[in-house]
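Asker: I'd like to ask some things about the structure below.
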Amino acid sequence: MYDAFTRVVSQRDARGEFLSSAQIDALSKLVSDSNKRIDTVNRITGNASAIVTNAARSLFAEQPQLIAPGGNAYTSRRMAACLRDMEIILRYVTYAIFAGDASVLEDRCLNGLRETYLALGTPGSSVAVGVQKMKDEALAIANDTNGITLGDCSALMAEVATYFDRAAAAVA
């Protein structure tokens, strides 16, 4: 996992080049937006249980066959595994938000996840819907302007959305 700084410096160092003005400007913007990023991660982390629970409730309301006898989330053990997986995906999304880089999400969470679900007979499309529902919950919480650093957060929220979209696409 590389943060944005390490990634840029490593690339330039490998080429034997100085940082460009555009790269310095982009990294400076990242620093100036760091409080917004921290606020976003804190909000999502502080509400992780509610995000997962609400997303799961919504998913199971839309797809009741998942919790019916024979469904992939039927029995408390399978339900717990489903909620655990959703929580793990959410946790890695917060790591990506904090780092400003999706590599930790890709490398440590999503790599091979679709194959695992296929092997277990878990419908990837349902997992993807659950991830999208977590995205909706997380963005609603992160976009609440009460008690956070002021300023335009639209770019950060778009970035946050892409991490959830990557996760959903990886399992679909």
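For all residues, glycine too, the Cβ spot is worked out from N, Cα and C.
OK, Swiss-Prot features for this one:
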MOD_RES   Asn72  N4-methylasparagine
BINDING   Cys82  (2R,3E)-phycocyanobilin 1 binding site
BINDING   Cys153  (2R,3E)-phycocyanobilin 2 binding site
Asker: Across all chains shown, how many C-beta atoms besides its own are within 10 angstroms of the C-beta of the residue listed as 'N4-methylasparagine'?
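Answerer: So the number of other Cβ atoms within 10 Å of the residue listed as 'N4-methylasparagine' is 20.
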Asker: My understanding is the cutoff is Cβ-Cβ under 8 Å with a sequence separation of 6 or more in the same chain; which residues meet that for the residue listed as '(2R,3E)-phycocyanobilin 2 binding site'?
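Answerer: Correct list: Lys36, Thr40, Ala142, Asn143.
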Asker: Cα-Cα, whole number of Å: Asn72 (N4-methylasparagine) versus Cys82 ((2R,3E)-phycocyanobilin 1 binding site)?
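Answerer: Cys82 ((2R,3E)-phycocyanobilin 1 binding site) has its Cα 9 Å from the Cα of Asn72 (N4-methylasparagine).
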Asker: With an 8 Å cut-off on Cβ-Cβ distance and a minimum sequence separation of at least 6, pull the same-chain contacts of the residue listed as '(2R,3E)-phycocyanobilin 1 binding site', or say none.
Answerer: Ala56, Asn72, Ala73, Gly130
